[in-house]
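Taken from Swiss-Prot, the feature sucrose binding site applies to D49, H87, R191, L192, D193, E234, H291, D292, D335, I336, Y337, Q338, R392. Look at Swiss-Prot and you will find D193 tagged as active site, nucleophile, backed by similarity to another entry. Feature annotation from Swiss-Prot assigns active site, proton donor to E234.
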Amino acid sequence: MPIINKTMLITYADSLGKNLKELNENIENYFGDAVGGVHLLPFFPSTGDRGFAPIDYHEVDSAFGDWDDVKCLGEKYYLMFDFMINHISRQSKYYKDYQEKHEASAYKDLFLNWDKFWPKNRPTQEDVDLIYKRKDRAPKQEIQFADGSVEHLWNTFGEEQIDLDVTKEVTMDFIRSTIENLAANGCDLIRLDAFAYAVKKLDTNDFFVEPEIWTLLDKVRDIAAVSGAEILPEIHEHYTIQFKIADHDYYVYDFALPMVTLYSLYSSKVDRLAKWLKMSPMKQFTTLDTHDGIGVVDVKDILTDEEITYTSNELYKVGANVNRKYSTAEYNNLDIYQINSTYYSALGDDDQKYFLARLIQAFAPGIPQVYYVGFLAGKNDLELLESTKEGRNINRHYYSSEEIAKEVKRPVVKALLNLFTYRNQSAAFDLDGRIEVETPNEATIVIERQNKDGSHIAKAEINLQDMTYRVTENDQTISFE
């Protein structure tokens, strides 16, 4: 199914019901026309990071179901799957074969060798400091071979996630076979997880290394195109990187919108939001929440450093059951630039403020992605957080089918479902159309979307001082109650 301009639900295979069958039933029964696509977070056998340390992309974790269940989902919704282009599990057959056979392994070039990467007498501390890291030490891991020798491999993320060498032909063959298999099983859009880390080059920070990163991106796009799929690079960094990618006619993420929207709702000032909406490309997926924390680094220079600090402080002040320690190493937080909270709790579990945040997202340029906890206006799950000591689990509640049936009766959830059903069905949100943004006063923003020929005009007038709104289409008032 081609990508369509309808809201994409982000979910794990076992977060809305116990498995893929229940997920399929629950989306159909409770979300209806509010959902047009599904980002199915990693459902492959994995040894860590909630699926992001995959063992084998050709299998579905049996706890979730099988490929028939995945294909069944794809009959009703366009689908996005994750491809961890930077790494694979050290429990994979590729790693084990390399460990057993060393230089005789067919996969010896699949992994990026840390020792061979550096010239003699390097890396120096200066070299290590230059690397854009996700940990406070050199991103390497020891590998002990069956022949008794010891070497080191690049290891950017968790201990289970061993980096691939994307410059080698064996790796490109692996990428090709993986993408072909994903597309054959219903994948329409391939999310390239942690894409900016994939290329490493001497005397750089090893993050979004140009021009090599463009060569890799184009190669992967060409591979996907053969199977009729498209790609979405996932990169958390300065917004100008997203704009560069958009200029090359790729889909991009809007990871800045979450913090810009929080700042606007906390401060009752719309100037930063208005400027951002005017700048944003149409060929993008918008987010307020994902399976990770709320990104801070993405909003630099859209908000000033003072405004970022203000927003972070307000989140901890007005947020419900939010604590700074939940985003620290004590709770296994890899990324100091993310805040762990559901978006609903970041707004103090306030129904009206939360609905306005989603209204802004619905009218923003691009296609909305809504995380499953966000669709159900979910609160911070402190029980799961404390039982696992995993900070991101505060926003990873497991909903039973019975819980979902109860949650969708809440007025705020009903309103959200009506909002995104409207967004999916209205012609005004044409990605080839236009957006106009006005700010009648400091606290009021008027966002107007119209289709290419101007026959459908939707307008949202939002006042962040008194937290009111009015939505019209072709001058007819639209209600979401």
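Each Cβ is built from the backbone N, Cα and C atoms, and glycine gets one as well.
Since this is a predicted model, take the numbers as computed values, not measurements.
In the three-state DSSP scheme, R191 (sucrose binding site) falls into the strand class. Neighbour list (E234 (active site, proton donor), Cβ cut-off 8 Å, at least 6 residues apart, same chain): R191, L192, D193, A194, F195, Y253. According to DSSP, D49 (sucrose binding site) sits within a helical segment. Residues near Y337 (sucrose binding site) in space but far in sequence (CB under 8 A, at least 6 apart, same chain), listed by position: H236, G295, V296, V297.
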